Amino acid sequence: MPAIVLIGAQWGDEGKGKATDLLGGRVQWVVRYQGGNNAGHTVVLPSGENFALHLIPSGVLTPGVTNVIGNGVVIDPGVLLSELKGLEDRGVDTAKLLISADAHLLMPYHVAIDKVTERYMGSKKIGTTGRGIGPCYQDKVARMGIRVADVLDTDQLAHKVEAALEFKNQVLVKIYNRKALDPDQVVESLLEQAEGFRHRIADARLLLNNALEAGGTVLLEGSQGTLLDVDHGTYPYVTSSNPTAGGAAVGSGIGPTRIRTVLGILKAYTTRVGSGPFPTELFYESGEYLSKTGGEFGVTTGRRRRCGWFDAVIARYATRVNGITDYFLTKLDVLSSLETVPVCVGYEIDGKRTSEMPMTQSDLCRAKPVYEELPGWWEDISAAREFDDLPAKARDYVLRLEEISGAPVSCIGVGPGRDQTIVRRDILQERA
């Protein structure tokens, strides 16, 4: 079987955990391929139990699935161990979680520099989570990062940490007037933490490719969303990695020709956390309604999400840059009881209309949404399990979004629960 990529098609928080959980029972491997604990997935089991995951793939909640934290992820060891303990304390079996030897470790100096930099930037700050993700990726690109495999060689680890802190301490002390970190203490602390995950370190590339050769199905799970991609997102208000489908191959070690299906997760309206342009953003009553009804608060940060109407411009853009083959539309139930539901079908910029993503951020900041008003529905749709169970106007809304997004809507979420899903098309079925 080929690999499947699952990506967010907006600014993150689209409901990727629900999609992974739905597919988990039919795949053998689930891989997290980028990001760190700056993003979170929420999974609600049929029992009503709620799990918030930040580093560990959502497939850990499905028995028998092997989960992998891929080489494209940056791992905070303390967060990893805390998340493992939280799952195990609730009876979740984590024995089949593996960690790529080539994933990078997020160090204390990354967090320190991230937090102090944001404070130093003041009103010009980007709005990071302050968890050290960006500085860790900076070290990766600068070839001075600490990788998971380094904990297996104490001497090399000590040498790398000492070399890194020769520079980092200069930054902390001389620029930001903070205390220097002791290399020996940093190494000692990391080695103590490593005792809790050393047995999970693996050659993930080899294992995943062997699994595909043997006919297994591998689900590649991205965090955040397309518009937060460092290359294709609303730069500079983006993350430091590639959540887009192209990042799945790089962040897992699976060749791109192995990937046959790209499942985009698309919320029935739009949200984003942090700074940056957001053409359809709502304020006052409409924004309050979506925020309250949709429970729009960040899993990782707890910050209230900015809310807006569905934006077909960014949906089409996501379809294009990811090669999306199918969409999973989530939170359709949140729109129930609205008289009309506006959908953004284009932008007006300086008096000119466009249906494409602006090339510059300054243009996007000036973009005014052009709306198409669709009739709403009043019925509670949370019990719908077939497409025909939906009210006619809800079906029309889905079909219109499918038409203007550029890919079929194969699944629809009508509530937070695993079973509150309508499957219109089996995305795991082989296609000609």
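Placed from the backbone N, Cα and C atoms, the Cβ positions cover glycine too.
Features reported for this protein in Swiss-Prot:
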ACT_SITE  Asp13  active site, proton acceptor
ACT_SITE  His41  active site, proton donor
BINDING   12-18, 40-42, Arg305, 331-333, 413-415  GTP binding site
BINDING   Asp13, Gly40  Mg(2+) binding site
BINDING   Asp13, Glu14, Gly15, Lys16, Asn38, Ala39, Gly40, His41, Thr129, Arg143, Gln224, Thr239, Arg303  IMP binding site
BINDING   Val299, Thr300, Thr301, Gly302, Arg303, Arg304, Arg305  substrate binding site
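Between the alpha carbons (Cα) of Arg304 (substrate binding site) and Thr129 (IMP binding site) lies a span of roughly 13 Å. Among the recorded positions Gly40, His41, Gln224, Arg303, the ones whose Cα is located within 10 Å of the Cα of Lys18 (GTP binding site) are His41.
Reported as a whole number, the C-alpha separation between Arg305 (substrate binding site) and Asn38 (IMP binding site) equals 15 Å. Leu332 (GTP binding site) sits 28 Å from Thr129 (IMP binding site), taking the CA atoms of both as reference points.
Of the recorded residues, Val414 (GTP binding site) and Asp13 (active site, proton acceptor) place their C-alpha atoms 16 Å from one another. Using a 10 Å Cβ-Cβ cutoff, Gly12 (GTP binding site) registers 31 neighbours. Taking the C-alpha positions, the distance from Gly40 (Mg(2+) binding site) to Gly15 (GTP binding site) comes to 10 Å. In this entry, IMP is bound by Asp13, Glu14, Gly15, Lys16, Asn38, Ala39, Gly40, His41, Thr129, Arg143, Gln224, Thr239, Arg303, whose most widely separated C-alpha atoms sit 34 angstrom apart. Between Gln224 (IMP binding site) and Asp13 (active site, proton acceptor), the C-alpha separation comes to 7 Å. Here the Cβ of Asn38 (IMP binding site) has 28 other Cβ atoms within 10 Å, regardless of which shown protein chain they belong to. Each of the binding-site residues Thr42, Thr129, Gln224 was ranked by the number of other C-beta atoms within 10 Å, and first place falls to Gln224. Following the DSSP three-state reduction, the secondary structure of Leu332 (GTP binding site) is helix.
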